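Encoded as structure tokens, the structure appears first; notes follow it.
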Amino acid sequence: MPKKCRHLLQTSDLSLDEIKLLLNKASVYANDFNAVSLETREKMQDKIIVALFFENSTRTVSSFEIASLRLGAKIVKLNMQTSSTSKGETLIDTFKNIHAMQPDAIITRHAFSSAPFKLAEFSQCPLINAGSGTSAHPTQALLDLLTLYRHFGSLENLKGKKIAFIGDVKNSRVANSNIKLLQRLGLEIMLCAPSSMLPITPLKTTHNIEEAIGFADILMSLRTQTERHNAPIFASLKDYGNAYCITQKRLETHAKNKEVIILHPGPVHRDIDIESAVLEDKRSKVLEQVKNGVAMRMAVLEFLLLD
């Protein structure tokens with residue numbers, strides 16, 4: 001039997017104390033990416049991390065790569081389009097072969113929600129879920145929390161804040177992970193989407209973006225995940241944007257909290273998810289999320305590999 005090993009497959013794998021530890025460490029790195037201690041660099045310099053991404057990625061894979069390098073570790077990034085999976089090798093066999101090379105950690109992304117949990121059964125090194133189907137994306141939720149933590153100043157200040165998720169909530173692993181994490185921290189949540197993009201949930205829901213904007217201290221826009229839809233829901237993305245785009249006019253007219261902040265996990269469909277002018281607004285935290293992604297993933301890698 002494989003030895004017990006600490007993985008990060010979903011946010012519930014972490015206690016609240018561990019989340020606080022990660023926030024504190026990541027905040028240090030967000031202030032200065034070079035604030036890695038000599039001791040950490042020395043311990044990380046012989047670590048080899050493998051990234052197995054079976055779905056496309058820009059921010060997540062680059063963020064993990066940069067985080068690894070900033071800590072002093074080495075990272076091997078496989079191109080799955082040219083790997084033996086294209087020759088019919090199964091996911092499990094691919095993983096077992098990479099695992100046999102004894103990396104110090106493996107980061108994986110897959111279209112199946114169950115994939116990381118199945119792989120964890122075979123893993124004797126830390127396994128990090130970088131996105132699985134529609135179910136989980138724990139490091140994205142953690143970096144989003146870091147963004148809120150740094151904006152509002154503390155977890156205590158976050159309690160009671162209202163966040164509205166706008167867009168394809170049903171198919172969003174980002175929303176799923178964020179909702180589970182933020183509920184633990186006492187935030188009030190609303191979901192805003194057309195019926196076909198809403199999950200069955202006890203949470204507050206609305207089909208009206210104006211209602212969501214009026215409700216929220218925090219707006220998180222979500223991409224329409226057309227690759228996960230069985231049939232078109234709107235005639236075009238433009239039609240969807242007419243109903244659900246976060247625009248300056250909607251913010252000016254309906255936001256009760258004029259300091260409402262806007263987040264998006266990316267990739268952003270400009271003028272469909274969020275109006276270009278809003279993306280350039282000081283209330284947009286989208287690029288801060290990207291920066292915080294490197295910092296949080298540095299903290300996660302250090303936590304799993306060294307602590």
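Cβ coordinates come from backbone N, Cα and C, glycine included.
Secondary structure at ARG109 (carbamoyl phosphate binding site), taken from DSSP and collapsed to helix, strand or coil, is strand. Positions annotated as carbamoyl phosphate binding site by Swiss-Prot, on the basis of sequence analysis: ARG59, THR60, ARG109, HIS137, GLN140, GLY266, PRO267.
Residues or ranges marked as L-aspartate binding site by Swiss-Prot on the basis of sequence analysis: LYS87, ARG173, ARG223. In the three-state DSSP scheme, ARG173 (L-aspartate binding site) is classed as helix.
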### Message
Other than ARG59, THR60, ARG109, HIS137, GLN140, GLY266, PRO267 themselves, what residues in this chain have Cβ atoms within 8 Å of the centroid of the carbamoyl phosphate site's Cβ atoms?
### Response
SER57, THR58, ALA130, GLY131, VAL174, PRO265
### Message
What does the structure give for the C-alpha distance between GLN140 (carbamoyl phosphate binding site) and ARG223 (L-aspartate binding site)? Integer Å is fine.
### Response
14
### Query
For ARG223 (L-aspartate binding site), which of these binding-site residues sit within 10 Å, Cα to Cα: THR60, ARG109, HIS137?
none
### Message
Helix, strand or coil for ARG223 (L-aspartate binding site)? Use DSSP.
### Response
coil
### Query
GLY266, PRO267: which of these binding-site residues has the highest Cβ count within 10 Å of its own Cβ?
GLY266
### Task
Compute all pairwise C-alpha distances among ARG59, THR60, ARG109, HIS137, GLN140, GLY266, PRO267, the residues listed as binding carbamoyl phosphate, and give the largest one in whole angstrom.
16
